[in-house]
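Contents: one structure, followed by commentary.
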């Protein structure tokens with residue numbers, strides 16, 4: 001990011017972000033100012049990202065989930081995100097287009113980055129999601145998905161996989177597009193994330 005340390009967001013990045021997200025110019029500029037206050041270097045570390053994410057969910061423990069979100073957007077694995085990657089991360093976890101979102105969801109669940117998802121990786125992400133759900137909301141969940149183990153079992157069952165099978169990106173996206181129930185189960189309710197983003201700018 002050429003002008004990451006200056007006070008204004010470059011026109012190119014602003015236009016690209018408006019094109020790829022639903023955020024307004026005003027929102028993006030005000031977020032950029034906040035971003036520079038929190039991260040004067042123009043880059044955000046995993047710890048800083050977790051800390052900002054925690055502000056959105058004061059009643060929950062989003063650290064594990066935030067860590068996985070961070071990993072999935074740190075394309076060059078350098079341990080930092082720039083403002084563009086940061087905004088796209090917030091957008092994808094709250095609003096992104098279905099296909100884009102599913103590609104991202106695959107990378108979120110592919111914890112070891114080997115291009116396939118195992119049942120244990122599904123459980124790891126679902127456990128992180130459960131830490132984001134309040135105990136009251138957990139009580140409202142159906143009996144067959146009210147623990148991380150049950151929910152992971154249900155997701156894996158929808159794909160018709162054996163315990164030691166792997167799931168490719170194509171299978172993951174096709175299966176999820178074909179079954180709205182899987183889509184609901186694999187994500188932390190984006191509506192809630194969206195509400196939080198509107199309530200509290202980073």
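Cβ atoms are placed via backbone N, Cα and C, with glycine included.
If you check Swiss-Prot, you get these features:
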| type | residues | note |
| --- | --- | --- |
| BINDING | 110, 112, 114, 121 | Ca(2+) 2 binding site |
| DOMAIN | 41-59 | domain 'EF-hand 1' |
| DOMAIN | 61-96 | domain 'EF-hand 2' |
| MOD_RES | 39 | cysteine sulfenic acid (-SOH) |
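Projection of Swiss-Prot feature records onto the structure.
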residue: 39; record: cysteine sulfenic acid (-SOH); Cβ within 10 Å: 20
residue: 110; record: Ca(2+) 2 binding site; Cβ within 10 Å: 21
residue: 112; record: Ca(2+) 2 binding site; Cβ within 10 Å: 11
residue: 114; record: Ca(2+) 2 binding site; Cβ within 10 Å: 10
residue: 121; record: Ca(2+) 2 binding site; Cβ within 10 Å: 20
Residue 39 (cysteine sulfenic acid (-SOH)) and residue 114 (Ca(2+) 2 binding site), distance between Cα atoms, whole Å: 31
Cβ-centroid neighbourhood (8 Å) of the Ca(2+) 2 site, 110, 112, 114, 121 excluded: 109, 111, 113, 115, 116, 117, 118
Collapsed DSSP category at residue 121 (Ca(2+) 2 binding site): helix
Counts of helix, strand and coil residues, the domain 'EF-hand 1' (41-59), according to DSSP: 11 helix, 3 strand, 5 coil
Cα-to-Cα gap, residue 110 (Ca(2+) 2 binding site) vs residue 39 (cysteine sulfenic acid (-SOH)), nearest whole Å: 28
The domain 'EF-hand 2' (61-96), counted residue by residue under DSSP: helix, strand, coil: 21 helix, 3 strand, 12 coil
Distance, residue 39 (cysteine sulfenic acid (-SOH)) to residue 112 (Ca(2+) 2 binding site) (CA atoms, angstrom): 28
